[in-house]
Amino acid sequence: MNRIRAIAFAVAQINLAITFFALVNGVLFFVYYYIVNDAEGFAASIKYLLSVSLLLFLWLFIALINRKYALGSQVDLMIATALVWLTVPLSSVVIYLLTLKLDIMDAFFESVSGFTGTGLTILSNLDAIPYVILMWRAITQWLGELGTVVIAGVVLPYVHASLVRMYSVERGPKLVSTIRRSIQDLFAIYAMYTLLGVLILFLSGMEPLDAVIHSMTAIATGGMSSKDQSIGYWYFRGAQVLLLTSAIIMILGAQNFRDLYLLSKMRFREFISAPEVRGLFAILLALLIPATALAKLFALDIGIVIYHLISGYTTTGFQVEALNTYPDALKVLIVLAMAIGGATFSTAGGIKIRRIAIAVKSVAWDIQKIVMPRNIVITKRLGREILNEDAITSAMAYIVLYITALLLLSTALHLVLIANNFTYYSFLDSLFETTSALSCVGLSVGITTASLPLAAKLILIITMYFGRLEFLPLYLTIGSYYIKKKLPG
C-alpha cells in the first residue's frame, strides 16, 4: 500500500506542475479577452478555468493525502513515469470536454497526441476555436516534450543499471551534478530557443499569438498548429520565408540538448564536431538527394517536398499541403525519415540518430572482423566515446523492436480500416500514419480525422504512447514477469 501511495504522490506532483501552467494560460487569456472585449473568448476562458480548477483541487487532494510517502525503488520510479504519461493526458481530457464538448475518445486522442508531441489531430475548423484552447494544445506539446528530455537525459541516469541498460542509448550527458539543477538548465535552454523562435516567426510574418504557438510546437518537434492548413496557411498567403525559418527551428528542436547547450555558449567548433550533429546533417543530405529527384520527376514543388521531408525527419509534423496525393516512392522516403528521427536526448521521436549510427558502424565492425587478422583488436567507437557491448546490443534490440511494432501496428490499423470500408487507403498509407504516430511526428495522409473508427483511434493512441515512452510499459511488463518468475513462491 505504501508503494502505491508513494507512486500516487509522485504522479500528483507532476500533474500539479502541469496544471499550474494550464492555470497561468487561463488567467492570461481571461485578462486578454476582457481587455479586447471578446465575449466568446471570455466565455471560453471561464469554462477553461473551471475545468483547470477541478483538476487543481483533484491533484492537490491526492498530493496532500499521500505527501508522507516517497518512492522507494527505481522500479517505482519507472512505474510512476509510465503513469504520468497516462494521467496527464487524462487530465487534459477534462479541459477538452468542458470547452470544446468533444466526446471522451476524441478528447483523449487529442490529449495523448499533444503530450506525446505527435500532433495528429481530430480537430477541424481551428480558426473557430478560441486561442486559449489553441495555446493549451501548444503547451501540452511543449511540456510533454520537455518531460521526455528530462526522463531520457536526467531521471534515467539515476535509475539502477539493470533498468537503465535497456535505455543506455537514451542517457544524455548530465549538464550538472544534480537532477534539480539539470532540470533548471534544460528548462533555461528550452525557453531560450523557444523565445528565439517566437521572434523569428514573428519577423517572418506570423501574428504574435501564432508565433508563440508555432515556436513552442516547432522547438518541441510537436507540430500542432493554430490553422487547419498548418504552415500552408501562411505559405499560400505570401509568407514563403516561413518554410526556411520554421525549418531552422525544427532542426534545432531535433538536436541533442547537450549540443544545443554548446551552441548557446557559442562553442561552434564543439557543436559542429559533435557525432549526432554530423550524423543528423549527413542523413538529412542523403535523404534530400532522392527527395529532390522525385520532386522533379513528378513535377512537384521542390521547396515544399524538402520542407515535408525535414518536418518528418525532425518528427515535427508541420504541413504545407495534402500528402495523400504524393507518389508512393516519396511517401516511402518520408516514412524512412520519420522512422529515423532526430537526436537522442532531444524532443524528437523515432529510432534516433545515435542508434542508427551504432547500427551502421556495427555492420562495418563485423566486416572488419572478417577481413582483418584475428589478432587485431577493433575499438568500437562513436566519436570519442568507446562503446561497450551493452550499448550496441541495446541499440540493435530497440531497432528490431521498433520495426516489429511498426509492422504489426500498421497491419492492425489497415485491417480495421478495411473492415470499416475505408478501402481508399492503401497499406502504405496505413504504414505512413502508423510511423507518424510511433515516431511522434504528426504528418498525415488524411487517415486521422474525427470520423476514424474507434478501434483505429485506439490503435493510434497506443502507438503514440509506446512511441513516446520508447516501449517503457512493455519493458516494465516483461520485467515484472521475469522478476515474479525468479522470486520464490
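Backbone N, Cα and C atoms are what each Cβ position is placed from, and that goes for glycine too.
Annotations in TrEMBL come from automatic prediction, not curation.
Quick look at what TrEMBL lists:
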type     : residues : note
TRANSMEM : 6-36     : transmembrane segment
TRANSMEM : 48-65    : transmembrane segment
TRANSMEM : 77-100   : transmembrane segment
TRANSMEM : 146-167  : transmembrane segment
TRANSMEM : 187-206  : transmembrane segment
TRANSMEM : 234-257  : transmembrane segment
TRANSMEM : 277-310  : transmembrane segment
TRANSMEM : 330-351  : transmembrane segment
TRANSMEM : 391-416  : transmembrane segment
TRANSMEM : 436-466  : transmembrane segment
Per Cβ pairs under 8 Å, the stretch of 187-206, 277-310, 391-416, 436-466 packing most closely against the transmembrane segment (330-351): 277-310
Leading stretch by Cβ pairs under 8 Å, where the reference is the transmembrane segment (234-257) and the options are 6-36, 187-206, 391-416: 187-206
Long-range neighbours of the transmembrane segment (6-36), counting only residues six or more past its ends (CB under 8 A): 42, 44-46, 48-49, 52-53, 55-56, 59-60, 62-63, 66-67, 69-72, 76-77, 79-80, 83-84, 87-88, 91, 95, 130-132, 135-136, 139, 143, 147
